[in-house]
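Inspection log for the structure reproduced underneath, given as structure tokens.
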Amino acid sequence: MKKKIVAIVGKPNVGKSSLFNRIIKEKKSIVDNKPGVTRDRIYSNAEWLTREFILIDTGGISVDQQLFSNEIQIQTQIAIEQADVIIFVVDFLNRLDKDDKIIAKILHKSKKPVILAINKYDKKTIDEHNYEFMNLGFSDLYFISSTHGIGIGDLLDKVISYISKNDVELKDDSTKIAIIGKPNVGKSSLVNSLVNENRMIVSEIEGTTLDAVDISFSYNKKKYIVIDTAGIRKKSKLGQTVEKYSYLRSLSAIANSDIVLLMIDATKPITDQDTNIGGLIYDEKKPVIIVVNKWDLIKNKQEQILKKEEEIRAYFKYLSYAKIIFISALDKTRVTKILDLIDEIKQSLSVKVKTYVLNEVLNKAQLINPAPEFNGNRLKIYYASQVQAYIPTFVLFCNNPNYLHFSYKRFLENQIRFSFGFDSIPINLIFRERK
């Protein structure tokens, strides 16, 4: 089932980040009374009534130190283009101003469901200007307090009703591939090579692909769907907003894919933008292949290949399980090898480990390397089993998960990974206290 995107929109200082934190139940956004303080972490996985969705705090998109109405229009437009449902936050304690009305006007022009969240409501305040909020013209109004939790459950019930409306379980055995990376690394060229058609305009101008598209194709009697998230049109008015906009598109593609191809340019050094995109893959625990494109432009290939691999491993330590492949998308060199690697990864994902064999491996691991003392005691694992999930997931029952040091978790992960052939895919370990 596709993971939907819910965007929180509103002018600065109305409580978008507080609502974001309340919904995800963590403090991932910086919250301050100074307008425009939200930075960096603008998305998270969230869940309500067992339904998962991606939550975006559009306050994080505002990168300009000076907050103008046109900047608000830009972030609102981004939310409209990316989101399945929009939560429009206004301030109950202050009268509506021109920025609120600008946002409302833009949202009315969209075809997206909009829920008006009237924040900072405390049930004690006289509702003298409620009519103002009704005059914004939205049928779904909820009086909430993100600080005190008032009305949040009802708000989320409405969100879920919208994102569940068009759910259709399609039986499709196609492997969904997300192709992500910075603009101009050759994503569209790779799509063209994979599907053997010139379906997209490919040029040296950064950001010539306007929209993410899904393309179906077959290879060796196997079906694939490739999602190309190539660079967006670079409008001067967007400025630094472009990079974060592309992250949101990549996030959606990653969340709804089976396997991710992270493309980097062989002719350029790895940058923070590359590693930040890699971080999105790590957060979603998706299988990934790092595709080094434009290898045809490199001289002394044999000498350079080891250097490039070392550089990639150094920058993407958190993706240590990722396969690396060197290609030329334009020349179609080694392009079909990517599909062979994808098939290998899918085989690894389907491996089911017998419980008794898993416990033998873990018992041996604890004998070879006992857990270090942490938080006043040592971790003791009693037994473990694999549970149903897309990536191999194991529940380990122990004396107390608080005694687990991150380095020991990594050790156990590696023991399982190499014992059962999971060296090219992510795995998930869940530690639970034995009752």
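Along the chain as shown, the residues are counted starting at 1.
Cβ coordinates are placed from backbone N, Cα and C, and glycine is handled just like the others.
According to Swiss-Prot:
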- 4-167: domain 'EngA-type G 1' (DOMAIN)
- 10-17, 57-61, 119-122: GTP 1 binding site (BINDING)
- 175-350: domain 'EngA-type G 2' (DOMAIN)
- 181-188, 228-232, 293-296: GTP 2 binding site (BINDING)
- 351-435: domain 'KH-like' (DOMAIN)
Binding-site residues compared (N13, T58, N184) - highest count of Cβ atoms within 10 Å: T58
Candidates G10, N13, K16, T58, Y121 (binding-site residues) - the one closest to G181 (GTP 2 binding site) by CA: T58
Inter-residue C-alpha distance, K187 (GTP 2 binding site) and T58 (GTP 1 binding site) (nearest angstrom): 26
Euclidean distance between Cα atoms of N184 (GTP 2 binding site) and K16 (GTP 1 binding site), Å: 33
Residues near W295 (GTP 2 binding site) in space but at least six apart in sequence (CB under 8 A): A266, K301, F326, I327, S328, T333
Alpha-carbon spacing, N13 (GTP 1 binding site) to N184 (GTP 2 binding site), which is rounded to whole Å: 36
For N13 (GTP 1 binding site): DSSP state (helix, strand, coil): coil
Shortest C-alpha distance to N184 (GTP 2 binding site) - which of the binding-site residues G10, T58, Y121: T58
Helix, strand and coil residues within the domain 'KH-like' (351-435) as assigned by DSSP: 31 helix, 23 strand, 31 coil
DSSP-derived class (H/G/I helix, E/B strand, else coil) of T58 (GTP 1 binding site): helix
Least buried by Cβ count (within 10 Å) of the binding-site residues K16, K187: K187
Secondary-structure category, per DSSP, in which G181 (GTP 2 binding site) falls: coil
Sparsest-packed of the listed binding-site residues (G10, Y121, G181) - C-beta count within 10 angstroms: Y121
